[in-house]
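For reference, Swiss-Prot has these:
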- 2-44: domain 'UBA-like' (DOMAIN)
- 254-274: compositional bias 'Acidic residues' (COMPBIAS)
- Ser362: phosphoserine (MOD_RES)
- 380-436: coiled coil (COILED)
- 443-521: domain 'UBX' (DOMAIN)
Amino acid sequence: MATPTQEAIDTFMTITGSSNAVAVRKLEEYRGNLNRAVNAYFTHGDQNSYDAMDIDDGVTPVLSEARTTDPFPLRDPNFGRSLFDNDPVMSRPPFVSHPREAREIPIEVKDSNGPSGQSNDAPTIEDVTETAQAHGPAAQEAVIIDEVSDDDNQSAPTGQSRHAVPVGSAENNMQHYNDIEEQIIRAAIEASKMETGDDVTKSVTVQSAEREVLRSEGWKASSSEREASEMVSIPVQQGSRASNGRFAAPSSLSEDDDDDDDDDPDYVEEEEEPLVSHRPRRAVSGSRSSLNDDLPRSPEAEDATIHSPGAGNGFPSEWGGISSEEHDEAIMLEAAMFGGISESEYGVPYAHYPQRTQRPPSPSLTAQRLIREQQDDEYLASLEADRVKAEARRLEEEAARVEAIEEAKRKEEEARRKVEEEQELERQLVSKEASLPQEPPAGEENAITLQVRLPDGTRHGRRFFKSDKLQSLFDFIDICRVVKPNTYRLVRPYPRRAFGDGECSSTLNDIGLTSKQEALFLELI
């Protein structure tokens, strides 16, 4: 048989928290295989010392145990000890969780090592409906524990998961804090199921539930010494059914309560039936009246709870187990979102919050606001004036641009027309020059010499027949290209006579130009 190494033994002891002898024996059984030895230890455990039981949750592993340690270590007197020391926390008796209706059924513990019966290590019965826990010998019910080993769940041993913490002890306080998360989840689930007649859902957030649980746990921690000496049990009518569909069963917190129940003539034991429990949950020692107030119950039970002396620490169940501050915040949030909320929806009159009166502003603040408004108005006016000026300047520039374009077009048209006129005049002059009659010779008796003085001072002369028309003289003056046609008239100085376009068809002899030589000048019209 292989001898395990000291490193493997130390590792096994660190992981499992067992003794050196157990570590050596397990490692020798599995030939030094540390993984198989640890798995076998957590799977089978020490069967000679503990009752095997199929438990879903199992013992919290090392890391989980360290994680769920008391969050307030300064209050824990066992904080300096190791997690694996043989302290009361690691040697507490097992407990069994069962529903409310199962609490009326006797529960027996069957163990292969001995006959069933109650002992100091008897399983602690926990009510999953959050009623008070029955500890150790105080539990009158018997539980049949089905010894089925869970081979699949090898991460945690089952033999070390059944321990009970005495009420009022330091370990009980640590257990309270370890169960905060479970209480928060339960409170949130129970609150989410509650609805009003108008389908208005009142839900409890995880943060609010945590605050309330911490508040209640703080009160419990401060009064733990008083609870250790004096236990208060609330009798519950047997056979009554709560609003959540479970039977409300009596629960005892001490031996005195059990004795009282035995002496009570009205107490009737239910038919004993064996109960096989496969789903134990972690025990929560101490009173759970704060959480019982959050559970839905019958109207009579709610009225009795609300008017009972011990109901001052709980919150109304119709509000989902939330505090009055959170209830008021929810009402204000709903009023802000939906513009108001009617009191008839919940049947509870809500306190009207006084609106804060608006005080008039101070004179200096009013003057500053007035000055600022005037400055803003002046600034806006200057911006408007600048905008108007810019718009006028833009319009002027646009008009000037359009006018320049039109002027250019007009000049271009005028130049084109002038060119056309010149071209037309040139064609006319060419035609007139072609139609001008032939000049007679110098010795012709019927010929007449005409001298015309132009406006520029030059003189032009030519011989014509006396039978030629006056139009021939106008054509001769036009082809000289000094003045434009139809812009002048001929004048004879003595006797003065002017000849115009109306006499162009008359001959020279008819208009009185009969001398051999005549002098004429042009007069512009």
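Heads up, residue numbers simply count up from 1 along the chain you see.
Including glycine, each Cβ sits where the backbone N, Cα and C put it.
Note that the coordinates shown come from a computational prediction; the quantities given were computed from them, not determined experimentally.
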Three-class DSSP secondary structure - the residue listed as 'phosphoserine': coil
Taking 10 A as the limit, how many CB atoms besides its own sit near the CB of Ser362 (phosphoserine)? 9
For the domain 'UBA-like' (2-44), mean pLDDT (0 to 100): 88
